[in-house]
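Undergrad: Take this structure first; my questions come after.
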Amino acid sequence: MAEEHKHEESIMEKIAEKIHGHDDSSSSSSDSDDDKNSASLKTKIYRLFGREQPLHKLFGGGKPADIFLWRNKKVSGGVLGAATVSWILFELLEYNLLTLFGHISILALAVLFLWSSASTFIHKSPLHIPEVHIPEDVVLQLASGLRIEINRGFTVLRDIASGRDLKKFLLVIAGLWVLSKVGSSCNFLTLIYIATVLLFTIPVLYEKYEDKVDDFGEKAMREIKKQYVEFDVKVLSKVMSKIPKGAFAFIKKKD
């Protein structure tokens, strides 16, 4: 009897283990399903301009991104402060660039010369003036990156001029019109300064309020697409229907 009782207990223990194992597997599967659902929700989050990478990586990472996103507040503040001082000197005080460069150079050379000459009389060690030179690799990388961007711009302009993308053509025309209006109201130096201030403020504010801005951007893009569809139906389709089909055939043959 005792052996039969032990045998029944062992059978009940095995059944219980199987039930618990099934519960654990079902709970783990449910957890994995929850993880998949949360991952799918994360992938469905809207980002401005279809952005998939972090903002820091879009700025190239490294020191330039740290400066624009205020990772190093001293350097970022120094660059923005220098830009502000330059704009005040050249725009508000109407200081000439060559005059400023000449005065700063005269002052710096005079201080260094007097200190080096007087160091022997006041028993001080002379200043160590480092050798300054521009590395060749940096210049080549900068020139190569600039060349790539210029060629890319020429390619975009060629595609627009060829009449292949009407939407892009209208966007570029609108952008150039806005740029001409801004240029007529302020000079080139002020425009550069405004662009610098925006570059040091908008990215860091966007990074701070990223979710709210993306949510608003999603709603705005829906409304823009809706208005564009109506504009396409009411205006563009009528204009394109009046253009002879032979003109598009001529463009394609020419390309």
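Here the Cβ of each residue, glycine as well, is placed from N, Cα and C on the backbone.
Since the structure is predicted, the reported quantities are computational estimates derived from the model, not experimental observations.
Annotated region 'Disordered' per TrEMBL: 19-38, in sequence order. The domain 'Reticulon' annotation in TrEMBL covers 64-255. Feature annotation from TrEMBL assigns transmembrane segment to 95-115, 188-206.
So that I understand the layout, could you describe where these features sit and how close they are to other parts?
TA: For the transmembrane segment (95-115), the residues of the chain that approach it from at least six positions outside its boundaries are 89, 126-127, 129, judged by C-beta separation under 8 angstroms.
Below 8 angstroms of C-beta separation, residues 55, 59, 68-70, 76, 79-80, 83-84, 86-87, 90-91, 182, 213 of the same chain, each at least six residues beyond the ends of the transmembrane segment (188-206), sit close to that stretch.
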Undergrad: Looking only at the domain 'Reticulon' (64-255), what is the mean pLDDT?
TA: 82
